[in-house]
Amino acid sequence: MTWIYFLDLFGTSVFAISGVLMAIEKRFDLVGTLIIGFVTAVGGGTLRDLLIGRSPVGWLNDRNYILAIFIGYAIAYIFYKRVLRLKKGMFLFDTLGIGVFTIIGLKIAAEYNLRVETCIMMGVISACFGGVIRDVLTNEIPLIFRKEIYAAACFLGAVIYVIMQKFCPIENVNVMVSMAIVFIVRYLSFKNGWTLNLKKFDDVNGFGNGDK
Amino acid sequence: MTWIYFLDLFGTSVFAISGVLMAIEKRFDLVGTLIIGFVTAVGGGTLRDLLIGRSPVGWLNDRNYILAIFIGYAIAYIFYKRVLRLKKGMFLFDTLGIGVFTIIGLKIAAEYNLRVETCIMMGVISACFGGVIRDVLTNEIPLIFRKEIYAAACFLGAVIYVIMQKFCPIENVNVMVSMAIVFIVRYLSFKNGWTLNLKKFDDVNGFGNGDK
Amino acid sequence: MTWIYFLDLFGTSVFAISGVLMAIEKRFDLVGTLIIGFVTAVGGGTLRDLLIGRSPVGWLNDRNYILAIFIGYAIAYIFYKRVLRLKKGMFLFDTLGIGVFTIIGLKIAAEYNLRVETCIMMGVISACFGGVIRDVLTNEIPLIFRKEIYAAACFLGAVIYVIMQKFCPIENVNVMVSMAIVFIVRYLSFKNGWTLNLKKFDDVNGFGNGDK
């Protein structure tokens, strides 16, 4: 399936761009922004590979991923203001990216004969932990822990993919439908401000105490 | 030794509960609290497995650990206020947990033919680094770096275990005694406010400067 | 090449000292300072080993590295004030250290048949990510992302080493020249305040907004 490979490279570039943009905002230098772009793009897949024992970690052996990151890095710097203005486009690309990363991550884990629930987790980790590592390195509380539906969209897409595989023999259809699920759930939750916060805990002492 | 396996699962649940509680306090959502519960419970063992080259990482292959975490997650949410009130009980369970994690971590490392001092370190890492990763992900300075005797209790228990193995042929006794050492040292240090801070450095510029 | 092995141990001690000093300043206790010393010294090599699949991680099998760290730990505590006053010496030693770590890291990666650009990256990671992990654990934004030329000096040295290997058959010369490059670039950039910040982005919203 070449098309999913190309989507994966595309998602890698998009993730790199978003990482570099955030790092520029933090006034990191040329090296710092490159590292954050790298980590955002391949951090999730790297963690997955370490956990399942895929060695060496995937992107070390595939020059295209490194190239995709450098392209994203260059785009972020050269078209900085234009990219910033394209926030909506970036959001759509990013959302496409997490769908691809989820399904590819799940499929790679499946090659290692792990249980189905572990494969689903590895899909979610592939899609979400690049951003988590980026946030840790930039000294922020990871976004996905608090805002909107992000990991849950990946989780749902991964579950749908696993279920469809049992019933539908056309792999391309399974991949496309489950990626679409991730995209739609994430898009709708963002647009409608859906969250996974329980009201029950609204009066828990949070960061600011007074921000209730 | 089935009993230590069950204690391990019990400790995993307890660690998950404590992670989820902390994440709720930080107002993380349903996903964020689950991830923090997970990381707190299996983070130390995961780091140990990565370092010694145990692949895939242990909990990926054992459904019971994932189940134990979800039970802890459910308990934390359903009995939130009751668990909060049981602070003393949680502390005792947690202290039991780090004893179990230390000895199990040490024994797993020993299977990989590592030197004795490395095995001891792996025991300490198994018990302590789940909390460290939790603190990093929640943007806090890791607790064990500054407060009370925690890692040192694990270290002492691990050393006792190694020494006892040379003299006592009954494995169950060795495990129980060394786990008890961890428990007692941690309990006493907490109760009496023992620390490992050197007075010599009290006048070093710390966080607040004026907090001397 | 025994001399480079000894330099590596020396660099390990120096990195441990610098980590312990920073941890003391943060008022970490005896355990916390030891962990930070450890992580600063072997964190970069550990990450490299995990990424390339070297298992178990290098320092687990070599007692000398653990010894070197404990020597650094002892020096930092015993000669605390004297070491603090020797800031310039520490800087020179540290700069020597990153040169050694870069070239050794690159050579280890090369043994794993990775592409040349991957080996260069692994060299840079070996030298720089101990400090990154230290900064993450102490809740700081990693220094190398923002200040001075650090990773870039390692990168340049690694590239020079790879180029020289094609033309110069005397390995010792290649190692020494490329280490010297790292040293000189880092030293000059520090002395002259060279940075890799683009002026173009000076007006980007940074941390304080008003600090332009």
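Keep in mind that glycine also has a Cβ here, set from the backbone N, Cα and C atoms.
Now, the feature entries from TrEMBL:
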type	residues	note
TRANSMEM	A:6-24	transmembrane segment
DOMAIN	A:6-80	domain 'Glycine transporter'
TRANSMEM	A:31-51	transmembrane segment
TRANSMEM	A:63-80	transmembrane segment
TRANSMEM	A:92-114	transmembrane segment
DOMAIN	A:92-165	domain 'Glycine transporter'
TRANSMEM	A:120-137	transmembrane segment
TRANSMEM	A:149-167	transmembrane segment
TRANSMEM	A:173-190	transmembrane segment
**Prompt:** Short question: which residues 6 or more past the ends of the transmembrane segment (A:6-24) have a Cβ under 8 Å from it?
**Reply:** 32-42, 64-65, 68-69, 71-73, 75-77, 80, 83-84, 90, 93-94, 96-98, 100-101, 104, 130, 134, 138
**Fill in**
In DSSP terms, the domain 'Glycine transporter' (A:6-80) comprises 64 helix, 0 strand, 11 coil
**Complete:** Taking the transmembrane segment (A:92-114) as reference, the highest number of CB pairs under 8 angstroms among A:31-51, A:63-80, A:173-190 goes to A:173-190
**Request:** Could you give the residue numbers and ranges of same-chain residues that sit at least 6 residues beyond the transmembrane segment (A:120-137) on either side and whose C-beta is under 8 angstroms from one of its C-beta atoms?
**Result:** 15, 19, 22, 35-36, 39-45, 47-48, 51-52, 97-99, 101-106, 108-109, 114, 143-144, 150-151, 154-155, 157-159, 161-162, 182
**Complete:** Residue counts for the domain 'Glycine transporter' (A:92-165) under DSSP, helix then strand then coil, are 60 helix, 0 strand, 14 coil
**Request:** Take the domain 'Glycine transporter' (A:92-165) and average the pLDDT across it for me.
**Result:** 92
